[in-house]
Structures are given as structure tokens and as C-alpha cells.
Amino acid sequence: MSGFQHAPTTKTCILTTASLSLVLALADIKQYAHVQWVPHMRTHHQYWRLLVHPLAFTNSVDLLMAIMAFYNLGIHVERAFGTRKFTSFLILASVFSTLASFLLVVLLAPWTVLNVVPAGSFAVLGAIWWQYHRMVPVLYTVNVFGVRLSNKVTTYLYPFFLLLHQFPSSAIAFFPGIIFSILYNSSPTLPHFRLPQPLTQIASRLLHPLIDPQSSAPPRRADRVLPGEISESAAQSVARLWELERVVRGAEEREAATRRRVGEEVAVRRQRLVGVLQGLQAVQAQAAQEQAARERESEVAAPAATTTTTTTTQRNPFLGARPSRFGLGGWVDRAGEAVGIRSTSGGEGMMSGVGAGAGTEGAGTSGESTPRGAPSQAEIDSVVGMFPNLSRDAVVRALQRSNYNTALAVELLLEDST
């Protein structure tokens, strides 16, 4: 049965009250359920009515209101008290209210109107109502025609209708329950009263098929959430989500930082490569210009150049039109195209001109003119720009070995570095 989880005593009260009321109606013995001083007590001495009258109701309206009151009030109070304490509280309330109602009937015997205590658990419901009123807080209030009402007003309607249906006789049984509930809260000893543990165990075993906790579904969650109202599990879930989001955000930030750092490094290396390729292209262009100049000089002194070139080539083995080991011209062109830089030498291979230039330069230097003693500052600076880590003496020696040809000097330095 839905809604009775952790409330077996309330479930037992509802089932017992409904069953006994149905038995009274079917057996047609409703007249034996109420308490009346005259003639039942005073004349016929039917004191057993004191034990029977709280167990069942004699009409369907009272039974319906009592069941609704038990369900809407008793479940909350039992969950707050605990099953054993709540059961002890109901037994004390029933005993006290029965005795108090009997005394009121005796004292009010001269008034025939208040000579009867109706059958039903009026006193128990009165005691439960007071505990509910004391413990369950008000969630919200509304104003209806100037009257301030709380959210509990609909719950209070069930015991209120139960009280008014057989008023004023029902008040003799209802108000003693409220009085006992007030005394229960103010007493230092009554809240500590508990039924004996063996008795509760026996009752639990006997009533287990009727009030099996496994047959009761969990209580339905509330439809409203107030500010700051959150369960512990939900708080833990929210904390885990925040932690996961923080970890993911940190990973994304680290990844973005890594990408920025790698991008900066790639940009720096690309810039350096562009500078190197531009320097190589400048050297290639300079070598092409020198080659063109030497070709023009060789055309002027063609007869003497043939003999001088042969002699110079034999004297200097580094000169001559030999193939480049590194293919520097083609490598510069391909690398320049990879980074978006095109060769400025008109598509001619650098080292092809180097070989020819070397021959003509040899002709020019071994002919009628005197050999150069040192390279020019422009030639040194062009080679130093390519090899900033080398000393000036190493650059000068390379230029001298290459007969002051900067392109050939670069190739010689590359060979030495390998």
C-alpha cells in the first residue's frame, strides 16, 4: 500500500478500524459500541463498553473522516516519533482519554445531551492532531478574504468534520485526547515510556503478514521545493558534478595553453626557416650575379682563359664543374616553395652556376691579374649570416678555399659540419 513506509502502526490502526466498523455494520450490533451512563453503566453495569467503544465507528461518515485523518496526520507523527514510541503514545492516549471520558459522563449525567460518548477513536485522533500541529511546520500561508490560512488547513478539515458530525457528544472524547497530548509534551517521564520489547516483538510477528514493511512503497516525493531545501544525496551529486566540471575545464585550459605554446614554437621555427631560406636565396642570387659577371669577363679574354682555367683547376682541386654533393640549389628552391618563398634566380640551379663560375673565376684570378689576398667584407657578412656560430677566421678560410666564391664556401662549410 503506497505511502505507509515507516508507518506500520498507522497502517494497522486504519485496517483495524475499517474492519471492525464493517463487522459492526454487517452484524447489526452498532448499539453495543457507544458508552452511555444511563442505563448501560448505572443500571446494567456494562463496563466492557469502555474497552470496545474506541475500536470502531458506527457510521460511514465518521469512518471516512477518521481514515483520512489517520493517513494525513498519523503517518507524519509516527515517522517523527518512531514506531515503538508512537505505539506507546497511542496506548497511553487511549487509556487516559477513556477514563477521562467516563468521568465526564458521570459528572455530566444530569444533562442527558452529554450522557453519551460516541463509538470511535476520537481521543486518539485528538492526541495525534495536537502532535501534528506542534511538530509539522507551516510551509506557506495565504490570505482568503482577510483570513490568514496555512497549507495545513486542508489537513485540519478531517478531524474538524469528525468533531462536528456528532457534536457535542464527540467533544467529550476528542478534547481529552488533546489534553493528554499537551500533558505528554510537558511531562518529564511520559515521553520515555515504551512498551516492553518482548511484547512489541510478539505483536510484530503476529501482525507481520498484515503490516509487512516490504509491501509499503516509499513515500512520494514532495511536489514543491523551498529555497535551501535539498537532500544529502542530491547535494553530493551536485558537488560531484561541480568537481567534474572543474576537472574538465582545467583540462581544456591546459590543452588550450599547450596548443598556444606549440603554435608559438611552430611560428618561431617557421620564421627562422624563412630567414635561413631568404639568406640562401640571397646567396644564390649573388652567386648568379657573380657568374654572369665572370661570363662577361670570360667572353672578353677567351683565348687566355682556356689555358689559365686548365692550370688553375689542376692547382686547386676544389674548383671545376663538379656536381654538388648536397644539391643546395634544388634544396633551396624546394624548401622555399614549402614555406611560400620562390627562388629569385630565374629557375636556374645554384650549384650548376657555381661550377661554371668557379672555372671562370679561376681564369680570372690565374690570368694576368694578381690573386686576391683577402675576401671582401660583403662576402664575409653573407657567409656569417648563414653560419652565425662560426668564427670569422673559419669563414675567411672557407672563402679562400673556394676562391672567394660565397656559394661554394657555404657548401664547403656544410661538408665540414657533416
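Even glycines carry a Cβ here, placed using N, Cα and C.
Fair warning: this is a prediction, and the values are worked out from it, not measured in the lab.
According to TrEMBL, the protein carries these features:
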COMPBIAS  300-313  compositional bias 'Low complexity'
COMPBIAS  346-365  compositional bias 'Gly residues'
DOMAIN    374-416  domain 'UBA'
DOMAIN    375-418  domain 'CUE'
REGION    294-320  region 'Disordered'
REGION    342-376  region 'Disordered'
TRANSMEM  51-74  transmembrane segment
TRANSMEM  86-107  transmembrane segment
TRANSMEM  156-184  transmembrane segment
The domain 'CUE' (375-418): DSSP-derived helix, strand, coil residue counts: 32 helix, 0 strand, 12 coil
Residue numbers, six or more beyond the limits of the transmembrane segment (86-107), whose CB comes under 8 Å of its CB atoms: 9-10, 13, 35-37, 41, 50-51, 53-54, 77-78, 114-117, 121-124, 126-128, 131, 172-173, 176-177, 179-181, 184, 190, 193-195, 200
Mean per-residue pLDDT computed across the domain 'UBA' (374-416): 83
